[in-house]
Amino acid sequence: MQLFLKSIATCALFVFFIYSTAQSLAKVQYVDDGTRVSYRSSLLNRTDISQNQSPFHSRRLRQAPDDGGLEGTEISFKEENVQDLATKTDSEEIRVCGEGLVLPLWMPQKNISMGDRLIRGFVYFLLLIYLFVGVSIIADRFMASIEAITSIERTVVVRGPNNEKQTMHVRIWNETVANLTLMALGSSAPEILLSVIEIYAKDFESGDLGPGTIVGSAAYNLFMIIAVCMVWIPAGEVRRIRHLRVFFVTALFSIFAYVWLWMILSVISPGIIEVWEAIVTLLFFPITVIWAYIAERRMLVYKYMDKNFRVNKRGTVVAGEHDQVEMDAEKGHHPMVGFQSHRNSDAEAFDEARREYINVLSELRQKYPEADLDQLEMMAQEQVISRGNKSRAFYRVQATRKMVGSGNLMRKIQERAHSDLTEVKAQLQQSDEDDPDEQPTRVYFEPGHYTVMENCGEFEVRIVRRGDIHNYSTVEYETQDGTAVAGTDFIGKKGVLSFPPGVDEQRFKIEVIDDDIFEEDECFYIRLFNPSENVLLSVPQIATVMILDDDHAGIFAFSDSSFEISESVGLYEIPVMRYSGARGTVIVPYWTEDETAVGGKDFEAVRGELIFENNETEQKIQVLILEESSYEKDVSFKVHIGVPRLAPDSLHYPKIQEVENKDTKDLTELDRILLLSKPRNGELTTSHVRIRESKEFKATVDKLVAKANTSAVLGTSSWKEQFKDALTVIPADESEFDDGDDDVEEVVPSCLSYISHFVCLFWKVLFAFVPPTNICGGYVTFVVSICVIGIITAVIGDAASYFGCALNIKDSVTAILFVALGTSIPDTFASMIAAKHDEGADNCIGNVTGSNAVNVFLGIGLAWSIASIYHMSHGMTFNVEPGTIGFAVGLFVAEALVAVAVIMFRRWNKNIGAELGGPKNSKYISASILVFLWLFYVVICTLEAYDIIRI
């Protein structure tokens, strides 16, 4: 905001400087007019359409006073009027203003004093500033609608690295096409509409204000904005153009656009714009877009050009331009490889975004180890949106909101991250917890496996009912022999279980028969059958019961050879089972061994001993799994158990020690049975633990990445939200424009924030009536906004004309200096933010060249097409004097070539290596060259407009 106020003050001083200069030039001009009356008379004779000469008017004669100063746009001149004009004294009037299209004329127009002209000029200047602010605010709504339109997504199915199908959402609009069409239209809408409206306001005759604004804006954008961005990059940093092919196309067309403009003005048909010339100018717009798209997609001839490849953050080989590979190499990313990836570009982009999210989450986990996962995910989502590639619309809206006291978009990003996470968690919870009443009634064992001791007496079996439990249900059960026989090892049982309404489980008991005979472990089964109507038997519908002999110390082994777990499990327990007996206290050593999983990184390595007490059949090894929040993780480690041994305080320990000390020849049958009862290992003494990514985390990442775009941040969802934003003073983070710490946030709105808010309150409330962007995908906002921009632009055209008339500044000079500057200031601030926060220079340089080409092809091409067709339909020709516009175009082309050469020299110079930033001396020298080019352009065009320089 401070920089914005400084800019206004500078412009005010610049206005009075131009005014004094214009007065001096006017005196010189009119003193010299007496010697050029015959030359001007010959020009008047050439304006007769009946003569087959170039029928264009002198720009000086068009600005001479008409008969009443109020009516008509056609001015008839007589030679005696010219003679009178040449002999006027310095104290006489120099120019009388004509009626505008929308804005009323300030009367009177004759016999105005110098002080009165100064006051009127100052009032018109303030009005222009206020109108520029208004058009910037409505342009934000326009850009937000464009962002909503270009963010429309479609669902695609792609193949993953393991050939699995993957569904994702990708944008319909190509980035290059969006930047050259809607985004360029959004940033240049005032200039384009001014050119079209001026044609209508002048009864389809040419004017200087519209074309002059487009040419002046192009010069300011190419020279001043890029110069400011060069020095705005923080010390020690650089910004390179990433889409170099697209930049070459847009730079070529931006220069060609003005070459073509000069040709049709001065070479092909001097002073006359024919219909085919205007239509061809307009057709160059889609040609530019198509060519840039072909270059970006490497179609036609571009696919045969040099192409490099790089390995992205996930290890996927992707195509990249040479500069992108160099940027990645500087950052320490994967090296370049020499073959092409067959993966879909949409999938690659989605994978890159996903990997970025994971990396950010890992950084936050290290920085805030005590924070919970939900908080870290919200912070990661916020940073991903903040760090992600942003469109020109985002930076334009961000810059304007800072200037008018509407706050920082980063605050909305924080709110958006919180709402995204809440929405995603709610979706996942809803999918996990479907309405049980809508599911069928299911009955099954829980658990499906029971291990009991031979001496346990009896144990309880549990059957559960899930789904709809509001009805009465029954199911039958019975035991079945296995290696354990009913009547010998257990008491068989059969019966019916009833589930009254609302009851979700039933239990029954089975008795186990104990004996003193040493035997192997035995098992039997319990099955469910014959459920009542509308009841389904689910797995497990057969339960297995294992009876362990209590006369043996036991056989020890893992319950499974491998376990697959999620990295988010935390403390994981690996079960070690005791089979074939459970007598005595047994000690079992255990330890972990690294494989692809590394102790201390993926899990905490452990080593210790398990103690099985008498009749205890299961113990668990606890391993802490370290969560890295990896999206695709697949690592493993081993867990081993050693040879088990009886504890010294075990009941059988002395007897076994005594038998072990005997000679094998002296062992009796009882001694051999006693040795067989020693604890020993089973087959599974090693188990593999496989750590995979968390499915919930994976689903959360997918959904958050899909939502990680700025379109919703720019847009609004209701009129209530718009009016709330319009009436609320939000503190702005000045660190975007100052060199202070970026982490410092202003808690309370500053005095400047309040001032700017109340100054702009009229515009904010007025534009709050524009429909929100969530209606019809932003198209309604698009149409309404461009209509409002057109109305304000018409007022700007009138105010600019009155401003120049009051201070005796010609329309061509007013357009090149003031109107072009006023419409380009928001773009300047937007480019400064983009230069500081983007990784590349595309949003600073690439969009400048693209907008310059679009301004000519669309702004001038559309306006001149309408005018030329109108004149042709009336049997006339559309006349445009080359004059200052032709000279300004030729000068701009020459200087643009120098500017592009400076930019490319910086890129290819080994000591700089980038278009923006770099060593302090080099970036200030380069910026000084560009600033000089703009000042030289302004001065020379002004001198030519006042005939100090002749063409």
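Positions of Cβ are set from backbone N, Cα and C atoms, glycine also.
Note: TrEMBL annotation is automatic and uncurated.
As written in TrEMBL, here are the features:
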type     : residues : note
SIGNAL   : 1-26     : signal peptide
TRANSMEM : 118-139  : transmembrane segment
TRANSMEM : 177-201  : transmembrane segment
TRANSMEM : 213-234  : transmembrane segment
TRANSMEM : 246-269  : transmembrane segment
TRANSMEM : 275-295  : transmembrane segment
DOMAIN   : 426-529  : domain 'Calx-beta'
DOMAIN   : 543-642  : domain 'Calx-beta'
TRANSMEM : 782-803  : transmembrane segment
TRANSMEM : 815-834  : transmembrane segment
TRANSMEM : 854-873  : transmembrane segment
TRANSMEM : 885-905  : transmembrane segment
TRANSMEM : 925-946  : transmembrane segment
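The transmembrane segment (246-269) shares the most Cβ pairs under 8 Å with 885-905, out of the stretches 213-234, 782-803, 854-873, 885-905, 925-946. The stretch with the most CB contacts under 8 Å to the transmembrane segment (118-139), chosen from 177-201, 213-234, 275-295, 782-803, 815-834, is 782-803. Long-range contacts of the transmembrane segment (275-295) within the same chain, counting only residues at least 6 positions beyond its ends with a Cβ under 8 Å from a Cβ of the stretch, are 174, 176-177, 180-181, 245-246, 248-250, 253, 256-257, 260-261, 264, 268-269, 302, 850, 853-854, 856-858, 860-862, 864-865, 867-869, 872, 878. Sequence-distant neighbours of the transmembrane segment (177-201) (same chain, 6+ residues past either end, Cβ-Cβ under 8 Å): 100-101, 135, 139, 142-143, 146, 149-150, 207, 209-211, 213-214, 217, 250, 288-289, 292-293, 391-393, 396, 786, 789-790, 792-794, 796-797, 819-820, 823, 827, 830, 846-847, 850-851, 854-855, 858-860, 862-864, 866-867. The DSSP breakdown of the domain 'Calx-beta' (426-529) into helical (H, G, I), extended (E, B) and coil residues amounts to 10 helix, 51 strand, 43 coil. Secondary structure counts, DSSP: the domain 'Calx-beta' (543-642) has 3 helix, 57 strand, 40 coil. Taking Cβ pairs closer than 8 Å, the transmembrane segment (213-234) reaches residues 188, 191-192, 194-195, 254, 258, 815-817, 819-821, 823-824, 827-828, 831-832, 834-836, 841, 844-845, 848-849, 851-852, 855-856, 859-860, 885, 888-889, 892, 895-896, 899, 903, 915-918, 923-924, 926-928, 930-931, 933-934, 937-938 in its own chain, all 6 or more past its ends. Outside the transmembrane segment (815-834), and at least 6 residues removed from its termini, the chain residues within Cβ reach (under 8 Å) are 3-4, 7, 11, 14-15, 18, 128-129, 132, 135-136, 139, 187, 190-191, 194, 208-217, 219-221, 224-225, 228-229, 232, 390, 392, 395-396, 398-400, 402-403, 736-737, 796, 800, 803, 843-844, 847-848, 888, 938, 941-942. Beyond the ends of the transmembrane segment (885-905), by six or more residues, the same chain brings 208, 211-212, 215-216, 218-219, 222-223, 226, 251, 254-255, 258-259, 261-262, 265-266, 812, 816, 845, 915, 926, 929-930, 933, 936-937, 940-941, 944, 951 to within a C-beta distance below 8 angstroms of the stretch.
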